[in-house]
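Participant: Per TrEMBL, the feature active site, nucleophile maps to Cys258. Under the heading NAD(+) binding site, TrEMBL lists Asp30, Lys35, Thr84, Thr119, Lys261, Arg325. Look at TrEMBL and you will find Lys202, Phe247, Leu248, Arg249, Ala250, Gly251, Gly255, Lys318 tagged as substrate binding site. Feature annotation from TrEMBL assigns domain 'UDP-glucose/GDP-mannose dehydrogenase C-terminal' to 311-413.
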Amino acid sequence: MKITVAGTGYVGLVTGVCLAEIGHNVTCVDVDENKINLMKSGKSPIYEAGLEELMLKNKDRLTYTTDYKSAYKDADVIFIGVGTPEKKDGSANLKYVYEVVKQIAETVEKDSLVVIKSTVPIGTNDKIERFLKENLKNDVDVEVASNPEFLAQGTAVKDTLQASRIVLGVKSKRAEKILRKVYDGFNQPYVVTDRRSAEMIKYASNDFLALKISYINEIANLCEIVGANVEDIAKGMGYDPRIGNKFLRAGIGYGGSCFPKDTKALHWLANFHDYELKTVKAAIEVNENQKIKLIKKARRYYESFNGLNVAILGLTFKPGTDDLREAPSLANIPILLEDGANIKAWDPVGVENYKKIYPNEITYCDSIEEAIKDADICLIFTEWPEIVNFDISKFEKLMKKPIVLDGRNCYDLKEVKDAGIIYESIGRRTINGYYKISSIEEVATAKNK
Ligand code: UDX
């Protein structure tokens, strides 16, 4: 079977490499020549644990090319895994998907199955098939199937090779048979359904997870008001198998390339059909506020950040990735800069990408110690292991004023108490915290209390 994968981002490349890992010969095609050259030299264009090793291991079964004609013309199965970014109005932008579909229509020379992996609005598979049938240059039969992925960045290889399920949205037994053959090396439960339902499974799953996060974040906010501990709440809830213990980590909101975009896209789609998805709308609103929660907390200590040294620990939207898309740090840093803060930031892998946005406005540090030295306040945006395992006594020793606002609940409250710092986290008791500290003297008093 000749398999081609269009797009070499998280979805496309991981799919292609994992299919090679189970024995297929796979051609990965992308319009970006730099990316293709990088992959030809054995390097992965994305930061993803284990991916480069698999690329190397399966190099004889993997071809990388920009030559879409040769990649599509005699392929049995063509996976489309290109991005569907958010448009300004919240809807999904299908520009890249259709660019590939047009190329397929022009070039395909034999019967083939086009499989949509990209997250696309419900009904898109039907539209693509119609488009192909109307625009095919050659007299061939092309069917479209929906096969959404559920991989998370940082664990993408594992999530693909050991996926929780394989969803097949098919119109015919033939398409199902082909896809079952493709996935023969995988040992996961299949959900076989129609194409629209498969498209909906993807959105419904992502939006449900986003909802779960926003729900626990709201509970966390209430915990702070009424004096309860959200981590114990999540633990107590999580033992109930109907609820489950995953995705109940309170924090400063979800970021990344999927949840923000997929919640907005489904909400938009519902609106388009004169229906209001109230729960999803609430999840979006809660998340927007949650992202700037640390700034709001910080303002209780300092009315303005002008001239203050602010340490930022963690820039990416989550650990294990260099991706900054919708990262909470990006919602906060402009506010701090506008106020005139001196920002020193540390992140193990996100700095290069950050420099593309803020080349000069931020001082990037090589160590956590360097970032927090002489800081008036420290904000933690990402729970990188280096931050979680950091010796917290150093905050007190190195910072000018040891106020640590932790957006990811990195530290144990008991340990924090002994470290003598002012510490606020999400949905948990504040340690040594005082509202409206506006002078160094007041902080010193707070510290000594
Ligand atoms: C997500 C889905 O997990 C994946 O199935 C889908 O295919 C793409 O979107 P990803 O965006 O890579 O994957 O990361 P994920 O680990 O799900 O985290 C997303 C965001 O939610 C991060 O910002 C993370 O910090 C946040 N999160 C996650 C929480 O705030 N609390 C949690 O309990 C879990």
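For all residues, glycine too, the Cβ spot is worked out from N, Cα and C.
Remember, TrEMBL labels are computer predictions, not curated facts.
Looking at the shown structure, can you explain where the listed features end up?
Facilitator: For Cys258 (active site, nucleophile), the count of additional Cβ atoms within 10 Å of its Cβ stands at 25 [all protein chains shown].
In the three-state DSSP reading, Arg325 (NAD(+) binding site) counts as coil. Taking Cβ-Cβ distances under 8 Å and a sequence separation of 6 or more, the neighbours of Arg325 (NAD(+) binding site) in its chain are Gly255, Gly256, Ser257, Pro260, Phe317.
Every protein chain considered, the tally of other Cβ atoms within 10 Å of the Cβ of Phe247 (substrate binding site) stands at 16.
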Participant: Given the recorded positions Asp30, Thr84, Cys258, state which is nearest to Phe247 (substrate binding site) when distance is taken between Cα atoms.
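Facilitator: Considering only the listed recorded positions, the nearest one is Cys258.
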Participant: Sequence gap of 6 or more, C-beta under 8 Å: which same-chain residues meet both conditions with respect to Gly251 (substrate binding site)?
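Facilitator: Listed in sequence order, they are Ile213, Asn217, Gln290, Glu383, Gly407, Arg408, Asn409, Ile426.
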Participant: Does Lys202 (substrate binding site) have same-chain partners at least 6 apart in sequence with Cβ under 8 Å from its own Cβ, and which are they?
Facilitator: Thr119, Pro148, Phe150, Val167, Asp262
Participant: Going along the chain, which residues six or more apart from Ala250 (substrate binding site) have their CB under 8 A from its CB?
Facilitator: Ile216, Asn217, Ile219, Ala220, Val230, Glu231, Ala234, Asn409, Ile426, Gly427
